[in-house]
Amino acid sequence: MTLIVTGAAGFIGANIVKALNERGETRIIAVDNLTRADKFRNLVDCEIDDYLDKTEFVERFARGDFGKVRAVFHEGACSDTMETDGRYMMDNNFRYSRAVLDTCLAQGTQFLYASSAAIYGGSTRFVEERDVEAPLNVYGYSKFLFDQVIRRVLPTAKSQIAGFRYFNVYGPRETHKGRMASVAFHNFNQFRAEGKVKLFGEYNGYAPGEQTRDFVSVEDVTKVNLFFFDHPEKSGIFNLGTGRAQPFNDIASTVVNTLRALDNQPPLTLAQQVEQGLIEYVPFPDALRGKYQCFTQADQTKLRAAGYDAPFLTVQEGVDRYVRWLSGQV
């Protein structure tokens with residue numbers, strides 16, 4: 001049967017397409033908006049059956065043009081948290097998602113979609129409960145509002161609906177994201193260009209570089225998506241993070257040491273990297289004060305209860321793999 005991946009030329013979508021290929025799945029309809037043409041590179045080493053622009057896709061899917069569709073991996077969205085055009089964001093992330101959901105429900109198609117930890121905003125608890133959800137930007141609100149629709153629909157849905165609140169995802173195929181690419185990606189490029197990585201200094205009680213996030217490898221994100229794809233009886237909204245909060249220092253230090261290893265140099269401790277000027281701390285910008293999350297950490301209780309028991313890569317493991325991959329692309 002046919003599979004559909006929206007946002008297929010994007011970061012997570014392309015990784016899902018590649019992972020499906022590795023399982024022998026090639027009857028895939030890739031849906032995206034290639035106005036930003038450089039995203040095509042993410043699909044060059046992938047096998048797909050057809051490509052459709054997102055505007056054409058919604059109408060044809062609703063019309064039943066693709067026959068029996070087993071599953072839709074709905075990764076297509078505007079993920080720029082700095083976007084201020086609310087009308088664009090709501091149309092692209094909310095209305096579009098509702099249209100795809102409605103057709104999946106009507107046709108009995110598995111619906112696996114990208115939500116976001118941005119829904120939690122400035123909360124200090126990261127559990128899938130309404131009372132801790134307080135998005136700080138229109139991107140987070142667009143994801144929040146769609147999750148509320150899902151909560152209303154789930155009790156009567158006859159087919160799978162699985163939403164994943166992605167935390168800070170990093171890994172291959174994110175180059176096109178520019179300023180919205182991961183910290184690991186930017187640290188890698190900064191070190192190659194300047195010979196050092198710059199991190200924020202002390203802020204809000206956190207020592208320099210010790211602000212923490214739940215950094216999750218796209219490898220793990222893909223594995224979780226495929227686990228639920230294999231278990232259509234499991235529905236719900238789930239946090240998708242490692243369950244560990246690790247400091248930005250860990251990202252930077254791993255980037256530096258992996259690049260040193262590739263250059264046949266020995267690893268250094270964080271203190272040694274700072275002492276040698278390989279990591280530099282800059283004053284925390286005034287523009288971000290009061291708007292910056294110093295801590296995120298996924299509560300994995302629901303995910304584990306659903307039966308997903310595989311370990312998640314640590315920053316040291318995942319960023320090391322990613323830097324080696326990036327180095328091979330240069």
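Just so you know, glycine gets a Cβ as well, placed from its N, Cα and C.
What Swiss-Prot records for this protein:
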BINDING   11-12, 32-33, K39, K54, 75-79, N92, K143, V169, K177  NADP(+) binding site
ACT_SITE  Y139  active site, proton acceptor
BINDING   N168, R179, H186, F200, G201, E202, Y203, R213, Y292  substrate binding site
ACT_SITE  K177  active site, proton acceptor
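Considering only the binding-site residues N168, H186, Y203, Y292, D32 (NADP(+) binding site) has N168 as its nearest partner by CA-CA distance. On the backbone, the CA of Y139 (active site, proton acceptor) and the CA of F11 (NADP(+) binding site) stand 17 Å apart.
The closest partner of K39 (NADP(+) binding site) among the binding-site residues, by CA position, is H186; the full candidate set was N168, H186, G201, Y203, Y292. Of the recorded residues, A77 (NADP(+) binding site) and Y292 (substrate binding site) place their C-alpha atoms 23 Å from one another. The Cβ of N168 (substrate binding site) lies under 8 Å from the Cβ of A117, S182, V183, R213, D214, F215, V216, G241, T296, each of which sits 6+ residues away along the same chain. For F11 (NADP(+) binding site), the number of other Cβ atoms no farther than 10 Å from its own Cβ, over all displayed protein chains, is 26. When Cα-Cα distances from Y203 (substrate binding site) are compared across the binding-site residues F11, E75, K143, the shortest belongs to K143.
With every protein chain in view, the residue among the binding-site residues K39, K143, K177, H186 whose Cβ has the most Cβ partners within 10 Å turns out to be K143.
Residues N168, R179, H186, F200, G201, E202, Y203, R213, Y292, recorded as contacting substrate, have a largest CA-CA distance of 23 Å. Look at the Cβ of each of the binding-site residues D32, E75 and count the other Cβ atoms within 10 Å; the largest number goes with E75.
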